[in-house]
Amino acid sequence: MSPQTETKASVGFKAGVKEYKLTYYTPDYEPHDHDILAAFRVTPQPGVPPEEAGAAVAAESSTGTWTTVWTDGLTSLDRYKGRCYHIEPVPGEENQFIAYVAYPLDLFEEGSVTNMFTSIVGNVFGFKALRALRLEDLRIPPAYTKTFQGPPHGIQVERDKLNKYGRPLLGCTIKPKLGLSAKNYGRAVYECLRGGLDFTKDDENVNSQPFMRWRDRFLFCAEALFKSQVETGEIKGHYLNATAGTCEEMIKRAVFARELGVPIVMHDYLTGGFTANTSLAHYCRDNGLLLHIHRAMHAVIDRQKNHGIHFRVLAKALRLSGGDHIHSGTVVGKLEGERDITLGFVDLLRDDFVEKDRSRGIYFTQPWVSLPGVIPVASGGIHVWHMPALTEIFGDDSVLQFGGGTLGHPWGNAPGAVANRVALEACVQARNEGRDLAREGNDIIRKAAKWSPELAAACEVWKEIKFEFQAMDTL
């Protein structure tokens, strides 16, 4: 055995197990502008020092393995290894730490969210030295961002396509989500759109089931939106869910939607996968289709605060992969969403440059260079009484999506749509007049209801509806 091999095998090892911190914990390292940076919430097993846990994350998500291998000598580990460069305790939590890891850009394939996630959130999440691990945030450097197309069109192009400015857009998910025939489904779409909504939506699990095949649904929905456009003089859209069992079938459905002349299609990006999503986003840009993204399955990944991936990371990944809309929570409805955290990743979706702000869960300053923005979609248990808060929280560049809050109107779908449109227009006008929506919101809705019987009926139906549960994810 050569002296060099003896040296390698005798430093930092005990009974064949490598101490990761000797190689991968580098507190003196200054991250480069072109590094991908990650903030992990680490919960080590009892007896494992935080430095060893952080170094283990850096190693197992980059070049490391549990023992030395002779092929280490054939490359430059110092160039390619991930580095845990800083560790800090999580305030108020016992035995939890934020470990900051820097990854050299050469570890990742250009333009591939799939490859980036395979490394950073791959096998390391099953590592025995950790009780739990959560990826809280990523810093994507401009050099890597520029390898992605991003959203097919972005916020401004969408507004120009729709010819709608100065207010949030209104949507509705058709219910019941499963069981309607294609013709009845199209009728529900028509009633909502003629009542004043901008969009209606396939639910995330509507694909091509025996009760309603995708081609029939596409045809009846296209008929509904074209008829409502003629009646209202406004451009309308329906999110036709192109998600399918194969990428080839998904693209076939998107092609048919384009041939029908509809403006937008939809994809379930987590269940469908990032590779499929990026492929569809490229098709949509090349063919003038907007792309609505649903985040079905996200809570499996992001709901537990000490294990998984925070949604702000999934939102960044979606902006890279491509989508013009994505569901983002409501803060006020039935689904999980704490206000400061939600607004943090809403800014990450829409803005060109977002400063580090730990009070909103943003661990890194994020420049997006020229990547278009994504419109956040607020949906889930919202109704007309929520309109002032939603208008204030999300602003104009958003979609406010009322499913039950439209279809549950006692007079039907079209009056439900009218109620939402009147409430929105009243809130936008009040905001433009300088009124405080947070303080005067209920009064604004009551006054608008005096000249809109549809809104008055909606206010009466949902006056007692609240979803008051403690948030799972808090700062």
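The chain as shown is numbered from 1 upward.
Any Cβ shown, glycine's included, is placed from N, Cα and C.
Among the candidates Arg295, Arg303, Arg350, Arg358, the residue that Swiss-Prot annotates alongside Asn123, Thr173, Lys177, His327, Ser379 as binding substrate is Arg295. Remark: of the binding-site residues Asp203, Glu204, the most isolated position is Asp203 (fewest other Cβ atoms within 10 Å of its Cβ). Each of the binding-site residues Lys201, Arg295 was scored by other CB atoms within 10 A of its CB, and the lowest score goes to Arg295. Spacing of Glu204 (Mg(2+) binding site) relative to His294 (active site, proton acceptor) is 7 Å (Cα to Cα, whole number).
Residue environment of Thr173 (substrate binding site) contains 24 other Cβ atoms, counted within 10 Å of its Cβ in all protein chains.
For His294 (active site, proton acceptor) paired with His327 (substrate binding site), the C-alpha to C-alpha distance reads 6 Å.
Apart from Lys201, Asp203, Glu204, the Mg(2+) site neighbourhood in this chain, defined by C-beta within 8 angstroms of the site C-beta centre, holds Thr173, Ile174, Lys177, Asp202, Asn205, Val206, Tyr239, Asn241, Met266, His294. The sparsest Cβ neighbourhood within 10 Å, among the listed binding-site residues (Asn123, Ser379), is found at Asn123.
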